């Protein structure tokens, strides 16, 4: 019987999302339940377990005598909690070892789904789940019933734990431990898939035997292999409960020679087995998880797809695709339990898929019931598919893929209209990563913005794109001498970075360059071709992918057949998998309710109007006479909306013709309903409005529009001159690389440059638009157009002239000769206005002046090849950061950082100036000899004759000086001089002789270039003495070198190391190097040390007590260490009534330092707090709460799970910070008005652990009693652990508040004063126990704390009975001070 995962998965947080009706129970219902509970208590229950043997007594209810999971109420710590009585086969080994020894009572194992704990419970303290005992641990009985709705949670949890235990063993194996056949990642993926499909303990025993067969025998204990191995195999094949599996797993773990395995793993250059395994092991274990929060909702394919099931995927880091199998295959998986049978499961499963949709199979399906019999088989229908594995081959050989399924993605057709789901996961499957896309789908769609093209991608293309096996590793070597870890390219032995660049074929420019389609072109295509192409479905003249009936019917067809004929009901669907008519009344346009209002009728969020205007929709709706016509209008609007959303997407690379064919196909599926007619009406009505609002022009006939009125009309020119690939080209516009700022004339050259030079995939963020007249850079066309209109109005004038698609001569294909300095100019005979007279012969760019053309030719066409190897840099521009985002950024697909190329952006002005000088010189010598070139015309609008003559004189003077100036050295010149130099004096001397005056300390740049090339130099360091006796010539005008100040030197000034001067005023104070820790707030003067260490050796760092004003005061000094007892651990008060037991798990890490990928504490935290973020907003999935410097990065409001003494790691583990004690240097001092306080003696960085708040742990009753006893003084050492601090309380229902009193027992945290702007933040830290009162309260720096600054925290506001009671004035003196402190 098929059981849905959604009905069997426990969701702890579901009651929070279902509404307030689950949280509060009405009073009449409570009274009725109370009467019912008392009646049921008499009739159902009775004396339980009174015999001394512990056997079932005759009076024991029948519902407790069966050995099966049963939901019941358990009295735990005075309150009734919902739990599951486990079957004996599901009792864990650790629980059995802790069984109570009291023989007079009868006990059973209870599983609490809320805390995932097993515990023994007295049978006298249980009640039937149908009763309503009181008091309960929840807000209502309904919440407790929802927790135990899934009776299989206990078995699934223990089976998941056992499976993870096997995965942990595999994590410790190097590659030499396993056999040769088992060193392929596909083998381990199949092993993991078989383990996740285990339905019984017998299957887990077989998996243990299979795991043993993959390990080499020399790493196993020979005595165990000889004596105990046959019996162990027999026990594995006969395993029937969790206890036997845990014992067999422990025995298998003990027989491995871990010392030899560890020696292999510690050897250098020995890679650990399956590095990919560690990235998705936790995700495999999550398929057994009892939480449903991370599962994405995927639309169910149709009845004749390859898998007739819901696709489940993880949001965080899904690596596998989970598919639901049919019920008819469950018998195969249960009956065939031998090792040979397990390997044949998949072939049997896929071979039986051919007849799953037959009428006989449909009759055999039974409704799902929440019974233990149905729940125990919930994994019988799970199949995990790995891309490229043998399962895909089995699918192909069995002929499951239908020919008619190979043209369009069917998952799009199954999206119900008006579903109203706003948080659906994208259903695109990424073949290269072997997982589903983790982004959220667009509102009203099933794809995200990145995978919109998947709607039009055929299945045959997807199958061809995914290789059967993974590519081999690259054979290249990195610059560090290690082996490259990338995959090699198909057909090569190296990756893209290490492939040989000689003889490589350039990529095809025609297919790599994609431009944005015009709306006008789409409009015209739909208008002219729709009447002819919209044919009834099934006719031979239709497109090939229209022949997919009957399985290819859209959800609109299903809606058209099953929609309610009542005009006042909504047409939306209440289900994602099939069309279920909505029962709500239609309140919007007589078709939709509030929940199912389509996206194209909602308010636009991009600052523009809707794609489908509300007025047009209302006009068309008024013309509909029947409900069928309204449904057809709805379908047409949905097709129109999705088409233009995909067309306007910048990331959609699907050709426009394919998208239009898809729209025509969708409209032709129901030709009788008139969907095509409504679509044509939409096209005719919306064409003019979309053309006007979205910034597109219909052609060159609109070019006479005023530029000042419609700036976006300039885009019309970009689509008229499109002879070659540069369709987005203006005469004044060029392209530049956003990484290195190299200039390019064509976009395709920029794409090749980014891919070959920077080894990254080209994206829009890699491209900058460049203004050719002035060289400025811009992020988008709007900014460039505004700049050109304001700064270069003559360039805008050319946009009003009729565009010329073809240049006069056809010599553009000629290639310039290398090193040629001749400038070829082609005059435009048709241009009579004097604008853009000079045209470049090689690229077609037009220029007003001949020098502009000369500089362009010198910069772009003087290299040996247009797309050759690395040539000289094109120079830096001066408006580098004028981009849309304001800074250089990179797309998410980039795998390399910008650090490797950041140094190239600096110090490039010299190279650019050299190139400009060469161009000016060539223009001066050859400008007068050029034949056939007319001089530039004067523009009387801007300059008069006097100004023009004056400018010519100034330009002649500047040109003469520029020609006499020497060139600046480039990187090659500096590097060549540094290679042959003996010291920095030699470097500067050789460069000055060749290039003249140089910038100061150019030897540092030379040393940096040598370091990048692997040349080791020492002469750049201070104090280096040349072996050849070179002595530097000291310039008296140079400033003294900078010398860092000494620590705590408040008034010291850095002077020259070679001179000893006592005149401090002769040296400018700007020579001092001031750092952050020099600005100390700690007063320096006569400070009296009262105590050298207030902890008296209990802390690893001594903490002194000082009094700054003791010498100026006549009062006797106080001794604050005498009024309390210094302790390093909190004391549990008897009022808590809590046994200090160990409820914290130990991690399975075997090394001295844990890894966040394999540590169980990180895994447990990820399950409890899936939405946790760090202080930068990033997810905390598979990350420690501390960084590499043991500073906390976890956001406030979440607890910290640290490793404990039971773990195998040492105290140097990254996940051990609080338990290591105080490390910062602190001191207790007397404040002006707040008594004693605590301040820093050194600079404390943000996130550093300062101290722990320690004292006596009390309940609220005892805390209130002590407050009354202490009185209403100005000093209180009681810290309330309420909902604002108790982070663990979010996991527990009705968690009681408690307090920590540091009055008589405490540490230095009792001296921390209050501030409304504190510099500390508190976290609950779990170390020894998961109980909230046993957690530690850690105080961490929330900002950088300077030396001498007081350490403060926020006491918060505690509710008081009256406003005048227990309120004290606040002395923090912060800008946001609240004034009063309660």
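Keep in mind that glycine also has a Cβ here, set from the backbone N, Cα and C atoms.
The region 'Disordered' annotation in Swiss-Prot falls on one of the ranges 23-42, 43-62, 63-82, namely 43-62. Record note: among 814-837, 838-861, 862-885, 838-861 is the stretch given as zinc finger by Swiss-Prot.
It is 915-935, from the ranges 789-809, 894-914, 915-935, that Swiss-Prot records as region 'Disordered'.
Between residue 1234 (S-adenosyl-L-methionine binding site) and residue 1377 (Zn(2+) 4 binding site), the C-alpha separation comes to 15 Å.
Its Cβ placed at the centre, residue 1370 (Zn(2+) 4 binding site) has 17 other Cβ atoms within 10 Å. Note: the CA-CA distance between residue 1377 (Zn(2+) 4 binding site) and residue 1159 (Zn(2+) 1 binding site) rounds to 43 Å. Other than 1234, 1235, 1236, 1277, 1313, 1314, 1355, the residues of this chain whose Cβ falls within 8 Å of the Cβ centroid of the S-adenosyl-L-methionine site are, in sequence order, 1237, 1275, 1311, 1312. Listed binding-site residues near residue 1182 (Zn(2+) 2 binding site): 1159 (candidates 1149, 1159, 1313; Cα-Cα distance within 10 Å).
In the three-state DSSP reading, residue 1377 (Zn(2+) 4 binding site) counts as coil.
The separation of residue 1314 (S-adenosyl-L-methionine binding site) from residue 1372 (Zn(2+) 4 binding site), Cα to Cα, is 7 Å. Within 10 Å of residue 1207 (Zn(2+) 2 binding site), judged by CA to CA distance, lie the following binding-site residues from the set 1147, 1149, 1236: 1147, 1149.
For residue 1236 (S-adenosyl-L-methionine binding site), the nearest of the binding-site residues 1154, 1203, 1370 in terms of C-alpha separation is 1370.
Mean pLDDT, taken over the domain 'Post-SET' (1366-1382), works out to 80 on the 0 to 100 scale.
In this structure the C-alpha atoms belonging to residue 1370 (Zn(2+) 4 binding site) and residue 1314 (S-adenosyl-L-methionine binding site) are separated by 8 Å.
Under DSSP, residue 1277 (S-adenosyl-L-methionine binding site) is assigned to coil, being neither helix nor strand in the three-state scheme. Close to residue 1355 (S-adenosyl-L-methionine binding site) in the fold, though at least 6 residues off in sequence, lie 1314, 1381, each with a CB less than 8 Å from its CB. Candidates 1277, 1313, 1316 (binding-site residues) were compared with residue 1154 (Zn(2+) 1 binding site); none lies inside 10 Å Cα-Cα.
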